[in-house]
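The following features are taken from TrEMBL:
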DOMAIN    195-296  domain 'Fe2OG dioxygenase'
């Protein structure tokens, strides 16, 4: 990636500061009370309250004792390093495009500025069912298929194994979030029958100008929930809700970083809000991370849950179809848009809106 091409340079107001504060306050949550066979009701209640508080105050938290086998994670991390170490010619054999939307890519844009990274995406469901058209009246569906590289030959197997771990952990977290909102434990499970969830392998090469570029520009996640494994280099920054400051999330060995996505913001009718975050780059060290994005079936209509809406707390969003939203967002990966991509604030009910700026990304 050499010297910094102007396409990577952030506008002055969005450039990172090379001196940063670490986010001491991001909650570290022990998930073991939800996994013990003989569950202690009081310990489980405390865990549910911790989850609810973290979702409300931060929109981010870390988890330990999460049940994901460490060797599964290590195998995926090793496979990712090996894949990104291949030649550009080899990686381009599984390059994604507007037709094959999964696979390798190195020219992704966030907020119309190029990210300093390369990625490999694969979906959990093979194939994944999605709308065939952006037209809201067209009900045809198509399939997204994974592209698996020849090298390393074990990448597919370890990725599929790891995907099962991520789905299991994600559904457990969604049960705890449901309980924290006063909902039945399995309230959200119905949305994930034909899930559109996917996993991304990220590689951030050393950058000669880390004060000008970002690994990923400021954004919120449009799906339900994100589970992130990051290496010991670090670089994730979260916009703290209390004061709007960017704070670094210190890497914790073997922990996962969880963040609330836009869909939980809508489902909870803003009891919980998704939070802006970004990724810093490093002038000396490369960085690897592996986010899992939990997404529902393409036919899911996303709207505030009826149990959480009443006369005193009317719905703040109009319903929208997740599949149409997803394919509209995907389009921006392959063309530079003149306007910002579709966001949940496009579905905000005006009478419920405070200020548009608060919900912009």
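Just so it is clear, glycine is given a Cβ too, placed from its N, Cα and C backbone atoms.
Remember, TrEMBL labels are computer predictions, not curated facts.
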Reported mean pLDDT - the domain 'Fe2OG dioxygenase' (195-296): 94
For the domain 'Fe2OG dioxygenase' (195-296), residues assigned helix / strand / coil by DSSP: 6 helix, 41 strand, 55 coil
